[in-house]
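Over in TrEMBL, the protein carries these features:
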DOMAIN    1-110  domain 'G-protein coupled receptors family 1 profile'
TRANSMEM  6-39  transmembrane segment
TRANSMEM  60-82  transmembrane segment
TRANSMEM  88-109  transmembrane segment
Amino acid sequence: MLVCCVVVVVVVVVVVVVVVVVVVVVVVVVVVVVVVVVVVAGSSSIRSSNRSSSSSSSSSSRVAVVVVVVVVVVVVVVVVVVVVVVVVVIIVVVVVVVVVVGVVVVVVVV
C-alpha cells in the first residue's frame, strides 16, 4: 500500500514538473517572438523613414512578411510540442493509475 502511495505521489510530481516546464517554455518562446517582432518592426520603420525610395519600402514589407512567417511557424511548433507533451503526460498518468489500481486490487484480493 505504501508503494502505491509513493507511485501516485511521484506521478503527480512528474506531471506538475512537466506542466511547469511546458508553461515556462511557452512563455519564453512568446517573449522571444514578441521581442524579435518589435525589434524588426522598429528597425524596418526607422529604415523606411530614413529612405523614401520604393526599394526600401518593398524591402521592409519583405521583412515584415518574413517576421510574420517566422512567428506563425514558431507558434505552431510550440502548440504542437505542448499538445504532444500533454498527451504523453495523460497517457503516463492513466497507465500508472491503472497499474496502481491493479496492484491494489490484487493485494486486497490475495
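Including glycine, each Cβ sits where the backbone N, Cα and C put it.
For the transmembrane segment (6-39), the residues of the chain that approach it from at least six positions outside its boundaries are 67, 70-71, 74-75, 78, 81-82, 85-86, 89, 92-93, 96-97, 99-100, judged by C-beta separation under 8 angstroms. Look at the domain 'G-protein coupled receptors family 1 profile' (1-110): DSSP puts its residues at 105 helix, 0 strand, 5 coil.
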